[in-house]
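The structure appears right after this line, and notes come after that.
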Amino acid sequence: MLKLVGCEFKKLRRKRFIKLTIAAACLFPTPLIIAMAKDGQSFIQLFRAVVMFDDILFLPCVLGIIAIILFSMEQDSDTLKNLLVIPVSKINIFLTKLTVLFLLSLIYTLAAYVASLIGGLIIGKISDIPFLFSVSIGLGIFVFLATVPVIAIIIVCNKSKVFSIIIVLIYAVLGFVTVQTIGRGSVLDRLTFALPICITGKWYLGIVPVEQALSYILPYTLSTPVAFGLLAAYGIAFTLLSLFSYKRTEI
């Protein structure tokens, strides 16, 4: 399995998109740093803003598009048949690709964490480093689990890359918009348990300190065990659905 993961990373390393998105994860907070430095806001506010845009909105888009790349590589190059002859089972191939996506999710959230620390040094305010590191690890795990359903849709539908990218963008944007409505009693607020990305947002907003103006959202947040249980259920169910569909993919 480790060799297969290494092979997948070597194939991805040749893709410029991966390098660009990692760079974007680091550079994305720059406008936020400039704006918050002018307003004199705290490091926690900076970190929270970076996570909302970098991890909650940007990362699901990135993981979804990388999933499209990963699960279409063998079909595009017509090498899946050769892999199965070696033999490498479709189950191993599928689990390898999911492992790569999981590791990339951790890499991106940690890149955003490092960018936040640099931003904190620039604005002259930095605190809770170990705690926010653990939050970033948790976000990497939770965002990955929240992205598994859209990966399943991509595999099951087996449509063109353009169609799949549109689905990914709609899924990510809808999840992000729903997070913004938490606690406001809107129609979208009722979708919070139906959208895994929103579950991630409700967990995150519940463990990171918020100022008094945002305290109204606290009754709507989720504890770590509840959020993890919900996302794990989503992850397992949609992983099994994806695996079933992937095994039936024609060579």
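Any Cβ shown, glycine's included, is placed from N, Cα and C.
Quantities reported herein were computed from a predicted structural model and do not represent experimental measurements.
Look at TrEMBL and you will find 20-37 (among others) tagged as transmembrane segment.
What TrEMBL lists as transmembrane segment is 57-73 (among others).
Long-range contacts of the transmembrane segment (94-123) within the same chain, counting only residues at least 6 positions beyond its ends with a Cβ under 8 Å from a Cβ of the stretch, are 1, 4-5, 8-9, 12, 18, 21-22, 25-30, 32-33, 36-37, 41, 43, 46-47, 50-51, 54-55, 59, 62-63, 66-67, 70-71, 129, 132-133, 136-137, 139-141, 143-144, 147-148, 151, 239, 242-243, 246-247. What TrEMBL lists as transmembrane segment is 94-123 (among others).
Summarising the annotation, TrEMBL assigns transmembrane segment to 129-155 (among others). Same-chain residues lying 6 or more positions outside the transmembrane segment (129-155) and placing a CB less than 8 Å from one of its CB atoms are 47, 51, 55-56, 59-60, 63-64, 67-68, 71, 98, 101-102, 105-110, 112-113, 116-117, 164, 167-168, 171-172, 175, 196-197, 199-200, 203-204, 207-208, 224, 227-228, 231-232, 234-235, 238-239, 241-242, 245-246, 249.
Under the heading transmembrane segment, TrEMBL lists 162-183 (among others).
TrEMBL lists 226-246 (among others) with the feature transmembrane segment.
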Task: Proximity of the transmembrane segment (162-183) to the transmembrane segment (57-73), 3+ C-beta pairs under 8 angstroms - done: yes
